[in-house]
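Take a look at the structure below.
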Amino acid sequence: MEKKRIVVKIGSSSLINGEGGLCMMKLGEHVGALVRLKKCGHEVILVSSGAVAAGLTDLGYLSRPSTIEGKQAAAAVGQGLLLQGYTEELKKHNIVAAQMLLTKQNILYQEQSKNAKATLCELLKRDVMPVINENDSVSIEGLTFGDNDMLSALVSCLVQADFLMILTDINGIYKDNPRTNPDAQRYDVLHNIPDELVNATSSEGSLVGTGGMKSKIEAARTAFVSGVPVFIGSGHGDEKLVDILAGKGDGTYIENLPEPAVGNFKTASGLQ
Ligand SMILES: Nc1ncnc2c1ncn2[C@@H]1O[C@H](COP(=O)(O)OP(=O)(O)O)[C@@H](O)[C@H]1O
Ligand SMILES: N[C@@H](CCC(=O)OP(=O)(O)O)C(=O)O
């Protein structure tokens, strides 16, 4: 089996329980699947959201605060809880968790991105699981990634990943938001992401997430044009990430057209 370098992004909506706190059962299930992928011999980098959402309850917020200092304070509390959760769950599988909190400057400035890449490669070499998030409590307005979808795409480009998996609370990209339009159809495969698709997609997300499907599509385009195939969707159980890699995931794949069979080539943009 060919060893692959895979970035997995987990959104807040897939980590939070009904009452708004961090759900250790959901986190543990993701970890089981990440470990399974790693045990297949792949290099796995996790980009996890959830810091702001995880910190709300302890700070007495009833919902996501609208002020920057409110979100930054929630992230300062929640990031600790998030990493504690990953460290404990990974330890059960004898895997060490490594926290990397990045700002946009760390990716934009070559000198800093070189260091970030070198650190990530060293962690992978040592068989450690990097757990990346934006450094929310110090990020400056206007210089944030905006959401972790773009962060995961930029990390994928930085480490020349073979695959980016964006896990969320919905099983793929639909032509319209399926929460408001239950008849909306899903794209199973896309071979490009034209402007019209980005423009037509809503940035309305779950109560705890940021950017909705629009930010995922924009992030997917960034990764895809740099040569990284992307999956956006959901799944359950230990096999879900292995299944996604095998092309059996429940979601939308953004990938190159398959090699044409000689004399039997049908073009498809993936956009119906
Ligand atoms: N065209 C669309 N296809 C699928 N989901 C969409 C679409 N438009 C909006 N959404 C919404 O995007 C949400 C996922 O985004 P978000 O809440 O930011 O997730 P996450 O926390 O995983 O980043 C879904 O729950 C869905 O309601
Ligand atoms: N860095 C923030 C990420 C916010 C965000 O992008 O959330 P999501 O849309 O759920 O990926 C946090 O950890 O809460």
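Just so it is clear, glycine is given a Cβ too, placed from its N, Cα and C backbone atoms.
TrEMBL entries are annotated by machine, without manual review.
These come from TrEMBL:
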BINDING   Lys9, Thr168, Asp169, Thr210, Gly211, Gly212, Met213, Lys214, Ser215, Lys216  ATP binding site
BINDING   Ser49, Asp136, Asn148  substrate binding site
DOMAIN    4-233  domain 'Aspartate/glutamate/uridylate kinase'
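Here the features listed in TrEMBL are placed on the structure.
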residue	record	DSSP class
Lys9	ATP binding site	strand
Ser49	substrate binding site	coil
Asp136	substrate binding site	coil
Asn148	substrate binding site	helix
Asp169	ATP binding site	coil
Gly211	ATP binding site	coil
*So which one is it: of the binding-site residues Ser49, Asn148, Ser215, which has the fewest other Cβ atoms within 10 Å?*
Ser215
*To test your reading of the substrate site: which residues beyond Ser49, Asp136, Asn148, same chain only, put their Cβ within 8 Å of the Cβ centroid of those residues?*
Ser12, Ser48, Gly50, Ala51, Val52, Ala75, Asn133, Glu134, Phe145, Asp147, Leu151, Thr210
_Near ligand 2, meaning Cβ under 6 Å from any of its atoms: which of the binding-site residues Lys9, Ser49, Asn148, Met213, Ser215 fit that description?_
Ser49, Asn148
_Residue among binding-site residues Asp136, Asp169 with least C-beta crowding, 10 angstrom cut-off_ = Asp169
*asked:* Among Asp136, Asp169, Met213, please name the binding-site residues whose Cβ is nearer than 6 Å to ligand 1.
replied: Asp169, Met213
*For the recorded ATP site, whose residues are Lys9, Thr168, Asp169, Thr210, Gly211, Gly212, Met213, Lys214, Ser215, Lys216, find every other residue on that chain with a C-beta no more than 8 angstroms from the centre of their C-beta atoms, and list them by sequence position.*
Gly11, Asp147, Asp149, Ile166, Ser203, Gly205, Gly209
_Using a 10 Å radius around its CB, how many other CB atoms surround Gly211 (ATP binding site)?_
20
*For the binding-site residues listed here (Lys9, Met213), which one has the lowest count of neighbouring CB atoms within 10 Å of its own CB?*
Met213
*Would you give the longest CA-CA distance, in whole angstrom, between residues of Ser49, Asp136, Asn148, the set recorded as binding substrate?*
11
*asked:* Spatially, which candidate from the binding-site residues Ser49, Asp136, Asn148 is nearest to Ser215 (ATP binding site), comparing Cα atoms?
replied: Asn148
